[in-house]
Amino acid sequence: MALSKSHAVWIALLAFFVCAVVSSDPDPLQDFCIGDLNVVPGINGFPCRNSSTVTVDDFIYSGIVNSSNTTNINRSGAIFGTVLRFPGLNTLGLSIARLDFLPEGIIPPHTHPRASEMVYVEEGTVYAAIVTADNRLFARVMNRGEVMVIPRGLIHWQMNVGRTNAKIIATLNSQLPGIQFIARSMFGSRPEVPDEVLEKTFFLDERSINQVRSNFV
């Protein structure tokens, strides 16, 4: 028996919702899973510690109380609270970071391959930017109290354009978001990216390439 057009539409919608349910993450089987960092992690994180050993301190992270080290060429620093430092994040799909900037400091262009990000300007004035896969630049100066969302995997950066220090608190939707700096990956990798690749990609001569590499030794 041939199906009517309306029946075909309903069957297609039902199939879509069934697939959506099947492909969703499973419900958690426990209230929490404090990661046991002494064991090699699996696909979904670290094994859970025995819940009888868990205390309130396992749910609190003090690593971003103090400012990060900004005595470097970028005049900026970052402290990450991932599952490797904050085992309470295990299986929660969350992490946090504190970014500190001296005047003219910058967190250079980079990506997070496994997470989207939200950055909250707690102090100062920063120029924040995103570059999309089709090479569109979305950028503007952000002031205290403003928030920017950064989609997963996109190149982005923040730069202090004020006269005082700046501070950002960032949250990411992965317990291990990863970070890859564009310049460091191309000019500071080991073994080195061949000069010919850098020359043809960035239109630099050998002397310029060596000069840039010297910043990543």
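Quick reminder: no glycine exception, Cβ is built from N, Cα and C everywhere.
Caution: TrEMBL annotation is automatic and unverified by curators.
Checking C19, C48 against TrEMBL, the residue bonded to C33 by a disulphide is C48. Taking a C-beta cut-off of under 8 Å and a sequence gap of six or more, H110 (Mn(2+) binding site) has these contacts in its own chain: I155, H156, W157, I179, Q180, F181, I182. Taking the centroid of the Cβ atoms of H110, H112, E117, H156 as the Mn(2+) site, the other same-chain residues with Cβ within 8 Å of it are T111, A115, I150, L154, I155, P177, I179. If you take the C-beta of H112 (Mn(2+) binding site) and look for same-chain residues 6 or more apart in sequence within under 8 angstroms, you find I150, R152, G153, L172, S174, P177, G178, I179, Q180.
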